[in-house]
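Engineer: Mind having a look at this structure? Questions to follow.
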Amino acid sequence: MTKLSVNINKVATLRNARGGDTPNVVKVALDCEAFGADGITVHPRPDERHIRRADVYDLRPLLRTEFNIEGYPSPEFIDLVLKVKPHQVTLVPDDPSQITSNSGWDTKANLEFLSEVLDQFNSAGIRTSVFVAADPEMVEYAAKAGADRVELYTEPYATAYPKNPEAAVAPFVEAAKTARKLGIGLNAGHDLSLVNLNYFYKNIPWVDEVSIGHALISDALYLGLERTIQEYKNCLR
């Protein structure tokens, strides 16, 4: 079964826009779980413009589903993850100033660096995932670095999907087959939505997890959070 992890960064962005604690990030996360989410994802950035370090500590003891922390592996990020010990850590190659993740790792060029970082998390018993483009070579080098999983960066799929779904998903199928052949797990995320998720799933039904935030929270403005989560879960059947 493919798991749905809800990225709650946008909830934190809304809270931070006015100060105070509305909406309450922890309550929204717990409600997401109650409404059927299989996990919660956060991406704490150095400037704390959405998720704050304090949020990460507040969430960890209360969540009943999988907790996934994603981010660039700076010393501060590594320290946070090792202290909090989430179920999964996802490494992304973001510059701190980026609005959102917009590329995967060059796992070949960064093999030594990633290997050293992944070893720290693996030794702590934290499942590891590396954010990569739909390129079999990048998947192969992520496996060589010691990643338990890769997360496929799906923005190119989402962009190309409206014009030619078959062509859009083709490179992702090949990358997914490579991961399966190598025996590592497979996640996917970025710009997946109610429009394109089911087609992606039908072509790659062995994907372990999808992480969705912006589209899901946007849909919830119209449909409500509970119905929205159920709609996304329906896309994974």
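The backbone N, Cα and C atoms fix where each Cβ goes, glycine too.
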Engineer: According to Swiss-Prot, ARG18, ASP191, GLY213, HIS214 bind 3-amino-2-oxopropyl phosphate; which one of ASN7, ASN198, ASN203, ASN234 is listed for that same site?
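Structural biologist: Matched candidate out of ASN7, ASN198, ASN203, ASN234, per Swiss-Prot for 3-amino-2-oxopropyl phosphate with ARG18, ASP191, GLY213, HIS214: ASN7.
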Engineer: Check the DSSP secondary structure of GLU70 (active site, proton acceptor), expressed as helix, strand or coil.
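Structural biologist: Its secondary structure by DSSP: strand.
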Engineer: 10 Å Cβ neighbour count around ARG45 (1-deoxy-D-xylulose 5-phosphate binding site)?
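Structural biologist: ARG45 (1-deoxy-D-xylulose 5-phosphate binding site) is surrounded by 18 other Cβ atoms within 10 Å.
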Engineer: Please identify, from the recorded positions ARG18, HIS43, HIS50, HIS190, the residue with the sparsest Cβ neighbourhood, meaning fewest other Cβ atoms within 10 angstroms.
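Structural biologist: Among the recorded positions ARG18, HIS43, HIS50, HIS190, the lowest count of other Cβ atoms within 10 Å belongs to ARG18.
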Engineer: What recorded positions among ARG18, HIS43, GLU151, ASP191, GLY213 are found with a C-alpha within 10 angstroms of that of HIS50 (1-deoxy-D-xylulose 5-phosphate binding site)?
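Structural biologist: So far as Cα distances go, the recorded positions lying within 10 Å of HIS50 (1-deoxy-D-xylulose 5-phosphate binding site) are HIS43.
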